[in-house]
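TrEMBL has this to say about the protein:
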- His175: active site, proton acceptor (ACT_SITE)
- Gly9, Ala10, Gly11, Phe12, Val13, Gly14, Asp33, Asn95, Val118, Thr119, Asn120: NAD(+) binding site (BINDING)
- Arg82, Arg88, Asn120, Arg151: substrate binding site (BINDING)
- 4-142: domain 'Lactate/malate dehydrogenase N-terminal' (DOMAIN)
- 147-302: domain 'Lactate/malate dehydrogenase C-terminal' (DOMAIN)
Amino acid sequence: MRSKITVVGAGFVGSTLVQRIAERDYADVVMFDIVPNMPQGKALDMLQAGPVLGYDTLITGTNDYADTADSDIVVITSGFPRKPGMSRDDLLKKNQEIVSQVTEQIVKYSPNTILIVVTNPLDAMAQVALKVSGFPRERVLGMAGVLDTSRFRTFIAQELNASVRDVQAYVLGGHGDTMVPLSRLCTVAGVPITELLPAERIEQIVQRTRDGGAEIVKLLGNGSAYFAPSASALQMIDSIILDKKMIMPCAIYLQGEYGLKNLFVGVPAKLGAKGLEQVIEVELQEHERTQLQKSADAVKELVEVLGI
Ligand code: APR
């Protein structure tokens, strides 16, 4: 039997993600939204792309949580996206309510699923899902680091006229203005970028990465990024569904790693069939540790506002 993946929220991120999963052809997909008929319409449209693209993925659109039963993975993308001038944190309360409701329903029908949270503000929403689900931390993951890292890699590749495939990087910390791109560990075909670019140019690229989401929000005028966010969520799904044990930065509920506790923060994580299989602790330099702590403090502030 094929695996089953549910995507909650059939908006820009959700529906693009469903399309990407469908093209993988390794799991059936349920797309849930509260808007009547809309997910059904989008699902039918995607289903009809199957013969052309050659996938047999069964795609079901629904407004009924019963259809999501026994999902192996559930991705939560439901919520309001950022508007221009709005920070991720402004979304906080609105999206807390949505993520709580969704998690409650999902858990009722799929008690053994692995949750991947995409809704912003990411780290805080992952914490909401963890608390409401009562799941162990291995089964509640937040998608942010892959996206932030991918943005960083894009800019580095552009700068050096290199292939994105040759650029390796890590962005740690919360998904916000305090994220910590580890330029020291960024390499192009094994060569550290600190040997390829002057420090101030790297700092500019780091800053552009921090503002990566806002830059797109401003350009779009209405709505936020969804092509790269959905691709990033797909990479996490790939590693879980195919049990690939890939290591990628994800928002994880830390239990003492990196000196942080009871908080979702982006760190390198090994993902496999069980969800989180290992938190990878890289040795940080003093200033990096300070930055990570600052980022964690920003997440903590949000969580305190939520009262969880
Ligand atoms: N249950 C299910 N779906 C809901 C609910 C709910 N309670 N509330 C809203 N939705 C749905 C909306 O109907 C909409 O279709 O969530 C979808 C959100 O889609 P978009 O508005 O297109 O937002 P999108 O760009 O996909 O972003 C979703 O991901 O990257 C983050 O910051 C982004 O938090 C935002 C989320």
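Glycine is no exception: its Cβ is also placed from the backbone N, Cα and C atoms.
Feature map: TrEMBL annotations on the structure.
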{"residue": "Gly9", "record": "NAD(+) binding site", "contacts (Cβ under 8 Å, 6+ apart)": "Phe32, Asp33, Ile76, Thr77, Ser78, Gly79, Val118, Thr119"}
{"residue": "Gly11", "record": "NAD(+) binding site", "contacts (Cβ under 8 Å, 6+ apart)": "Asp33, Thr77, Ser78, Pro81, Tyr226"}
{"residue": "Val13", "record": "NAD(+) binding site", "contacts (Cβ under 8 Å, 6+ apart)": "Thr77, Pro81, Val118, Tyr226, Pro229, Ser230, Ala233"}
{"residue": "Arg151", "record": "substrate binding site", "contacts (Cβ under 8 Å, 6+ apart)": "Arg208, Thr209, Gly212, Ala228"}
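The residue listed as 'active site, proton acceptor' and Asn120 (NAD(+) binding site) have their C-alpha atoms 9 Å apart, to the nearest angstrom. Site extent for NAD(+): the farthest pair of Cα atoms among Gly9, Ala10, Gly11, Phe12, Val13, Gly14, Asp33, Asn95, Val118, Thr119, Asn120 sits 17 Å apart. All protein chains shown were included, and the count of other CB atoms within 10 Å of the CB of the residue listed as 'active site, proton acceptor' stands at 29. With respect to ligand 1, the recorded positions Val13, Val118, Arg151, His175 contribute Val13, Val118 as residues with a C-beta closer than 6 angstroms to one of its atoms, given in sequence order.
Under DSSP, residues within the domain 'Lactate/malate dehydrogenase N-terminal' (4-142) fall into helix, strand and coil as 68 helix, 26 strand, 45 coil. Of all Cβ atoms in the shown protein chains, 28 besides its own fall within 10 Å of the Cβ of Val118 (NAD(+) binding site). Around Asp33 (NAD(+) binding site), a 10 Å sphere centred on its CB holds 22 further CB atoms from the protein chains shown.
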